[in-house]
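Participant: Found this in Swiss-Prot, in case it helps:
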BINDING   Glu33, His41, Asp84  divalent metal cation binding site
BINDING   Gly180, Pro181, Gln182, Gly183, Gly184, Glu185, Gly186, Lys187, Thr188  ATP binding site
DOMAIN    2-96  domain 'CRESS-DNA virus Rep endonuclease'
MOTIF     9-12  motif 'RCR-1'
MOTIF     50-70  motif 'Nuclear localization signal'
MOTIF     79-82  motif 'RCR-3'
MOTIF     96-102  motif 'Nuclear localization signal'
Amino acid sequence: MARQVICWCFTLNNPLAPLSLHESMKYLVYQTEAGDNGTIHYQGYVEMKKRTSLVQMKKLLPGAHLEKRRGSQGEARAYAMKEDSRVEGPWEFGEFKEVLEDKLRSVMEDMKSTGKRPVEYIEDCCNTYDKSSATLREFRGELKKKQAIEEWQLQRQPWMDEVERLMETKDCRRIIWVYGPQGGEGKTSYAKHLVKTRDAFYSTGGKTADIAFAWDHQELVLFDFPRSFEEYVNYGVIEQLKNGIVQSGKYQSIVKYCNYVEVIVFANFIPRSGMFSEDRIVIVYA
């Protein structure tokens, strides 16, 4: 048992007097019950204003059997108010106010319903924040990603049908390059649509180690290059991913494999001459 806790459940056999809210207590609920053998007892739940030891609690509730609360606040309160063994009561004192449990699952569920940032739990759930702040940030990122993806809308363009027709047939060498020089053709919107509907991996380019580390074996890989990236396109990692074998040297060296990867590039420019063999590239004009 923890040496000092806030919330206690108690049983007091053969009580002689009613209980009242001590100044050190924040909330108290109890009722008179009859046990299986007919023993009359108080079954109760108490929340203290500060952490309290078992010795201190025994002074407040002489003769009571005390245990720290193991379930939720609501479960402990309900157990002290159950009807099946009730003789009299229940009696409540103080204000019952459910607070968030300092546990990772509870905090994650609260984040999902409230939209709070991890740092907002630093005071009320300090242990969880201290141990799992990175997990909470990652979880919030996934929530934000899901919310954003749900809002993405697509305005269909004819060239998109051509891309989907190409994807119907697997080709272990083909890289689909969607070329739209003017901008505004819907390239990025279509890339978002594929992320939303096909669990695609999306990248705007970068170093091989970073891209290989981020890629999680998705079978559809999308490169959506800004116009300013033309001189910095990493053609090597595009080809590695298409081959289904890519090496990541970020944090630790690892080789990732995938049986088949479809690669689609969206750009305002065509690939630089000589970077791919001619049979590699299928250009779709947006």
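Placed from the backbone N, Cα and C atoms, the Cβ positions cover glycine too.
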Participant: In the predicted model, what is the mean pLDDT computed over the motif 'Nuclear localization signal' (96-102)?
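Facilitator: Across the residues of the motif 'Nuclear localization signal' (96-102) the model's pLDDT averages 81 on the 0 to 100 scale.
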Participant: Out of Gly180, Gly184, which of these binding-site residues shows the lowest number of other CB atoms within 10 Å of its CB?
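Facilitator: Least crowded of the binding-site residues Gly180, Gly184, by Cβ count within 10 Å, is Gly184.
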Participant: When the motif 'Nuclear localization signal' (96-102) is classified with DSSP, how many of its residues are helical, how many are strand and how many are coil?
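Facilitator: So the counts come to 0 helix, 0 strand, 7 coil.
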Participant: I'm trying to understand the geometry here, so how far is the Cα atom of Asp84 (divalent metal cation binding site) from the Cα atom of Thr188 (ATP binding site), in Å to the nearest whole number?
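Facilitator: Given the Cα positions, Asp84 (divalent metal cation binding site) is 62 Å from Thr188 (ATP binding site).
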Participant: What is the interatomic distance between the Cα atoms of Gly186 (ATP binding site) and Glu33 (divalent metal cation binding site), given in whole Å?
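Facilitator: Cα to Cα, Gly186 (ATP binding site) and Glu33 (divalent metal cation binding site) are separated by 70 Å.
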Participant: Could you give the Cα-Cα distance between Thr188 (ATP binding site) and Glu33 (divalent metal cation binding site), in whole Å?
Facilitator: 67
Participant: With a 10 Å radius around each C-beta, find which of these binding-site residues (Gln182, Thr188) has the fewest other C-beta atoms nearby.
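Facilitator: Each of the binding-site residues Gln182, Thr188 was scored; lowest Cβ tally within 10 Å is Gln182.
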Participant: If we skip the immediate neighbours and take only residues 6+ beyond the ends of the motif 'Nuclear localization signal' (50-70), which ones have a Cβ under 8 Å from one of its Cβ atoms?
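Facilitator: Answer is 1-13, 19, 22, 24-25, 42, 76.
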